[in-house]
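Beneath this line is the structure, given in structure tokens, with notes to follow.
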Amino acid sequence: MLLSLLLPLAFGALLLVGARLPLSVQRAIGLVGVLCVLAAALGVLARTAQGDILTTAIGGWPPPFGIVLVCDRLSALMLTLTGLLGTAALLHATGGGDAAGRHFHALFQFQLFGLAGAFLTGDLFNLFVFFEVLLIASYGLLTQGGGPARTRAALHYVVLNLVGSSLFLLGAALIYAATGTLNLADLAGRLGHLEPTEARLAGAGGLLLFTVFALKAALPPLHAWMVPAYAAASAPVAALFAILTKVGLYAMLRLLSLLPDTGSGPAFAGSVTWLLTGAAVLTITAGSLGALASTRLGTMIGYLVMLSMGTLLAGIAPGTAEGLAAALYYLVHTTLITAGLFLLADLIASGRAQGDRLVIGNPPRDVRILAPLFLLGATAIAGLPPLSGFLGKTLILIAVQNPAAIAPAVWPWIWAAVLGSSFVVLLGLSRAGVLLLWRRRGAASRQDSVANAVECRPGLARPALVGTSALLAASPLLMLLAGPLTGFTLATARQTLDNGDYVAAVAGFVPRASAVSEEGTDP
């Protein structure tokens, strides 16, 4: 488990020291690094697939006093997604996108380090620390290449996230004042036994943390940083950022899993469900309208990321294992497909004089390659059959029809938002496809068309095409493997919502319900 954290840190430090090495050498080191990270993540996924929860106490200090790293099915799933995205994005970057900044490869590895830490940490303070690592690395990646648009987007991104960092510290301080701990497993045991005054204090801290996580997840009205940052970033950075908003959702889910047990019903209900449902409908609506009004393909994909966050919240809102399982399946789908679309948008833009602006112009010379990829990505992200987006949304819509969790008068609103968003996305992407890949400007000569296009030549562009194709091809693969994947996500959801095994793993004893593997110091 520690390898998932230490490998990107070690490779990042190596690349930082070797910043003056030839770019080809940096690329080789970076690719070896992300492949090692992916291999480590797959190893952890295999170890946790049977329900084992891996724990490591840093320095041998027992929790809740020391730093503890915890990896269950959910953490392993997010680590694997990070490794897959990192590999595809860096492959694309080797096509030339990494030449704009001297420290691109080092910052890329540090971004992977921050993501791994956020998914593995077992306490709120170290979650804050890894959030700051993510903020610093992502700011550096966002500004690679310079330019007023990137500088402005980076400034907004940093300012809003620094405000979020301040609120995070305040919220954590309130929770510590009420409970005397920041360890997640310890919190799960203490939250149900607080005095009324302490409970109100902890509730205020939890509300602040929920606000911070909503900011990280780019939920309206806290989404102002996200679309400009994603649209301004280079394609490999934007692709890696596709999982950045999922960190906020992951942290939110961990916080919700700490709530006291409600018995045999949903894991959480009442005001929490209403809050999540309202946020889901609002986010889906805002993302749909933003995508339809976009004037650039990169901006449209940024809004599609926001829309997907609303769909994920809709699955989480019921507080049931079935709803969370559907959301996790959809999370894998939308993370890979939106990342692939960011990479595809870069390939299209590099072949047009008009870039990715949605205006009439000459299609890229490699339109016969790019058009099928665009069709695959558009069909998948719109949620049309027979691809994984359709199955993910269908499972979510079935899950929200739970009268014990969501009032029968409410779930039709979720249905309307999810189905309506699919129609709006289909309209927007159809328009984009016609303008970018089909319609020509007047009677442009072939010479003008060739002059305004860049062929995907072997060498520089081939790795970019491989990374893009691999991500978009994940949709039919997820559909083919739907049986075992939905079984895995259901087991993951049950383990996440029933935090007994998580608490037991950190406390160091084995419960009767399932096997829990404890590691003293994972090498």
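Don't overthink the numbers, they just go from 1 along the chain as shown.
Glycine is no exception: its Cβ is also placed from the backbone N, Cα and C atoms.
What you see is a predicted model, and the numbers here were worked out from it, not measured in a lab.
Through the fold, the transmembrane segment (28-46) approaches residues 1, 3-4, 7-8, 11-12, 14-15, 18, 21, 54, 71, 75-77, 79-80, 82-84, 86-87, 90-91, 94, 98, 105, 108-109, 112, 116 of its own chain, all at least 6 residues removed from its boundaries and within a Cβ separation under 8 Å. Taken from TrEMBL, the feature transmembrane segment applies to 28-46 (among others).
Panel annotation: around the transmembrane segment (67-92), residues 1-2, 4-5, 30-31, 34-35, 37-42, 44-45, 47-49, 51, 53-59, 61, 98, 105, 108, 112, 115-116, 119-123, 126, 183-185, 235-237, 239-240, 242-243, 246, 250, 253, 328, 331-332, 335-336, 339-340, 343, 346, 463-464, 466-468, 470-471, 488, 491-492, 495-496, 501-502, 505-506, 522 of the same chain, lying at least six beyond its termini, place a Cβ under 8 Å from a Cβ of the stretch. Feature annotation from TrEMBL assigns transmembrane segment to 67-92 (among others).
Residues or ranges marked as transmembrane segment in TrEMBL: 112-142 (among others).
According to TrEMBL, the feature domain 'NADH:quinone oxidoreductase/Mrp antiporter transmembrane' maps to 122-402.
Taken from TrEMBL, the feature transmembrane segment applies to 154-179 (among others).
Per TrEMBL, the feature transmembrane segment maps to 199-219 (among others).
TrEMBL lists 231-253 (among others) with the feature transmembrane segment. Residues of the same chain lying 6 or more positions beyond the ends of the transmembrane segment (231-253) and with a Cβ under 8 Å from any Cβ of it are 74, 78, 81-82, 85-86, 88-90, 92-93, 97-98, 100, 108, 111, 115, 118-119, 127, 131, 134, 138, 141-142, 144-145, 147, 149-150, 152-154, 209-210, 212-218, 296, 298-299, 301-302, 305-306, 309, 312-313, 316, 324, 331, 335, 338-340, 342-343, 345-346, 471, 496.
Annotated transmembrane segment per TrEMBL: 273-293 (among others), in sequence order.
The feature transmembrane segment is assigned by TrEMBL to 300-321 (among others).
Per TrEMBL, the feature transmembrane segment maps to 327-348 (among others). Same-chain residues lying 6 or more positions outside the transmembrane segment (327-348) and placing a CB less than 8 Å from one of its CB atoms are 74, 77, 81, 84-85, 88-89, 92, 97, 230, 234-236, 238-240, 242-243, 246, 249, 297-298, 301, 304-305, 308, 311-316, 356, 364, 366, 370, 373-374, 377, 380-381, 388-389, 391-393, 395-396, 436-437, 456, 461, 464-465, 467-468, 470-472, 474-475, 478, 482, 485-486, 489, 492-493.
Under the heading transmembrane segment, TrEMBL lists 369-392 (among others). Taking Cβ pairs closer than 8 Å, the transmembrane segment (369-392) reaches residues 304, 308, 311, 326, 329-330, 333-334, 337-338, 340-341, 344, 347-348, 351, 418, 422, 425-426, 429-430, 433, 436-438, 456, 465, 468-469, 472-476, 478-479, 482 in its own chain, all 6 or more past its ends.
Look at TrEMBL and you will find 412-438 (among others) tagged as transmembrane segment.
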